[in-house]
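Novice: Checked Swiss-Prot, it gives:
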BINDING   THR171, ASP204, ARG229, SER253, TRP359, ARG390, HIS393, TYR395  substrate binding site
BINDING   ASP252, HIS254, HIS387  Mn(2+) binding site
DISULFID  CYS154-CYS382  disulfide bond
DISULFID  CYS373-CYS451  disulfide bond
DISULFID  CYS484-CYS501  disulfide bond
DISULFID  CYS524-CYS541  disulfide bond
DISULFID  CYS567-CYS583  disulfide bond
DOMAIN    466-595  domain 'Ricin B-type lectin'
REGION    163-268  region 'Catalytic subdomain A'
TOPO_DOM  1-7  topological domain 'Cytoplasmic'
TRANSMEM  8-28  transmembrane segment
Amino acid sequence: MVRRKLRLLVILAGIWLVGIVVYLFKGDDQSEFEKRVIDKGPDGFYVHKEEKEHQPFQEENKAEVLHQVEDQWKKKQDAEITQSRQTFIETKKLLPPDDELGDIPWGQFDELGYISKTTLKPGQDPYARNKFNLQASDNIKSNRHVPDTRHMNCRSETWSQDLPDTSVIITFHNEARSALLRTIVSIFRKSPDHLIREIILVDDFSDDPSDGQELDKIKKVKVLRNDKRQGLIRSRVNGANMAKGKVLTFLDSHCECNEKWLEPLLDRVKQDRRNVVSPIIDVISMDNFDYIGASADLKGGFDWNLVFKWDYMSAEERNRQRQNPTAPIRTPMIAGGLFSIDKSWFDELGQYDLKMDVWGGENLEISFRVWQCHGNLEIIPCSRVGHVFRKQHPYTFPGGSGQIFARNTKRAAEVWMDEYIQFYFAAVPSAKHVDVGDISERLALRDRLQCKPFKWFLENVYPELKIPSVQDIAFGSIKQGNDCMDTMGHFADGILGLYPCHNSGGNQEFSLTKAGEVKHLDLCVTLVDTRPGNEVKLYQCTPGNYKQQFVQNPAKDQLRHKSYDLCLDSVVWQTKGIVANKCDPSSYTQKWTFSLSKNR
C-alpha cells in the first residue's frame, strides 16, 4: 500500500513538472522560449535546438509517462501538450534554420575570451597589424555608447512599420577582433531584431580561421570562409549569394552603427527598389577611437583621375537641405563600403564585376551602373554609421595596390565612360597601357539593361564635374622632364613643388582654363607679388582676378603671367616652392607641358 502511494506521488510530481513546462511554453518572450527549448534534452517532449527539423512528439513516450493517470486528467494534459507542440512548430517556422546559425545571444558572447587571444604583448607596436591603434580598440567594450550625431529632426521621424528585412554582409581579412566584434554588436544593439535576418561574415582567408569561427556561435551570425584570398569584391558576392534577406546591407569590418541607422535605409529601399542608399559616414579616430560626427553637407564625387572624393553640396542643394534636413541627398558616387540595396535589384544589375581584383574601383563601377541603368544613389541623413579611416592599407595586395586599382578603374571606364574616357587617360596617362582583360560580359550587361550614356550622367547627375574639352585649353599633369608640378598636399595658401610624375592625377592634376586660370580643383595658382623670385600660391579661384591669369606659350613651353613678364619657375622649388621669375626661353626650369593640350 505504501509502495503504491509512493508510486502515485512520483507520478503526480512528474505531471506537475510537465504542467510547469507547458506553462512556460505559453510565455510571450520568444528568446526565453527558445532558450528553454535548447535546455531540454532530445529524449523528452521537445526537440533539441541542434536538430535540423522539428520531430513530432512520440505518443509512446507520453503514454509511458502518463499511463497510470486518471483518464480525465490525461486527456486534459494531452490537449495542453498538443497545443504547446503546435505553438513550438509555428514558432520554429519563423526562425532561421538552426543548423545555420549560432545559439548564443550576442549579449552572452564571451567578449573577453575572444579578444584576449590577440592581446598585444609589451613592446609590440599597436599600429603594426591593422594600421590603427589596436590597444585603444581592445580597451573599448563592444557595447560602448557613441554620441547620437543625427539632426534633431531625425529623432522624431517615423518609418514604415512594414519594412523588409536585411542580410548584413561584412567581409574581413585579418581584422582586429575587437573592431570586428564591436561592428557586430553595434548592429544588434542599434537595430530592431526582426529587421536583421542574419549577419554574414565573409572571412577572406585570414591567417587565423578562428577569428571568424568563434563568432559563428552568436545567434543570427553566419561565417563563410574563403578557401583562398579572393578580395573584397568577390567576397561580397559570395556573401550576397548565400543571403536570405530581401535587402543586402554591406558594411566594413571596423564600423559602429548609430541610433536607428537601419530603418531609414530600409524605408527608402522599400519606397523604390532601385534606390541604393548609404548612411552618412561618421569618423572613428584611428588613434584613440573617438567617435566624431561628419558633416551632412557632403556628397560623393570624383575627379577625372576617377579617385573618390567628398564634394560639398552646391549652395542650392544646401538651401534645400536646410529646409528639410531629413531628405535624401542625391550623390554621384558612394564611398562603397557602406550601403543597402534590394537583393533582387543587386542581382538584376549584375552584382559586381567579378573580373575586378581584390579592392578598389568597385564603388566607381557600381555608382556608374546604378545611375546609368535607371537607378538612384542617395545618402540618407538620418542614418549614421561610424567608420575607422586609416592612412594606409593593413594588408598587401597580390600584384600591388596601385596596379590593381588602375586595372579595376580602367575596366569601369572602358565599360561606362564612352568617349569621355579620353579625359581619364589625360589625367592618368599610365592607364593607357594597363591590360583590363575581357570586358565583353559587362558591355553585354549594359546593352541588356538598356543603360544610358555617360553624357547623360554628366548632364543630369554630376554637372559639377567640369568637361575639359569644353572649358579648358589644357588639362592633366604639368610636366617638367620626369617631374610634375605638385600641390605637395597643400590647400589654400599653400605653395607648389615638384615631384616625380606618378600619372595618377590627385595632387598632380591641373587645368588651364580659357580665362587663363591654372587650376587644381577649385584653387588657382596665384601671383602674390609682382617682383621676380617670389613664390606663387594656391588660393580660391576668383573670376576676373588678374593675379590668377596666365597664358600658355606652346612654342617655348612656358606658363607666363598675362600682365607681367613673369613665368612659373622651379629653380628654387626645394626651398621656396614654385616661383615667378623673369621669363627666359632658354631656362629649363621654366619649361612646362600639359599631358593634354588643345594647343598641340
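Here the Cβ of each residue, glycine as well, is placed from N, Cα and C on the backbone.
Structural setting of the listed features?
Specialist: Counting every protein chain shown, the Cβ of ASP252 (Mn(2+) binding site) has 20 other Cβ atoms within 10 Å.
Taking the Cβ of CYS154 (disulfide bond) as centre and 10 Å as the limit, one finds 19 other Cβ atoms among all the protein chains shown.
Within 10 Å of the C-beta of CYS373 (disulfide bond) we count 20 further C-beta atoms, all protein chains included. Secondary structure from DSSP puts CYS373 (disulfide bond) in coil.
Cβ neighbour count for CYS501 (disulfide bond) (all protein chains, 10 Å cutoff from its Cβ): 20.
Within 10 Å of the C-beta atom of CYS524 (disulfide bond) sit 25 other C-beta atoms, taking all shown protein chains into account.
For CYS583 (disulfide bond), the same-chain residues that are 6 or more apart in sequence and have a Cβ closer than 8 Å to its Cβ are GLN558, ARG560, ASP565, LEU566, CYS567, GLN590.
Summarising model confidence by region, the domain 'Ricin B-type lectin' (466-595) averages a pLDDT of 91.
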Novice: Far apart in sequence but close in space: which same-chain residues, 6 or more away, have a Cβ under 8 Å from THR171 (substrate binding site)?
Specialist: LEU201, VAL202, ASP204, LEU232, SER235, ARG236, GLY239, SER253
Novice: Which of the binding-site residues ARG229, ASP252, HIS393 has its Cα closest in space to the Cα of CYS373 (disulfide bond)?
Specialist: ASP252
Novice: What does the structure give for the C-alpha distance between HIS387 (Mn(2+) binding site) and ARG229 (substrate binding site)? Integer Å is fine.
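Specialist: Just about 24 Å between their Cα atoms.
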Novice: Please give me the CB contact count at 10 A for SER253 (substrate binding site), counting all chains in the structure.
Specialist: 23
Novice: Between ARG390 (substrate binding site) and CYS154 (disulfide bond), how many Å separate their Cα atoms?
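Specialist: For ARG390 (substrate binding site) versus CYS154 (disulfide bond), the Cα atoms are 29 Å apart.
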Novice: Determine, using Cα-Cα distances only, which of these recorded positions is closest to ASP252 (Mn(2+) binding site): CYS154, ARG229, TRP359, CYS541.
Specialist: TRP359
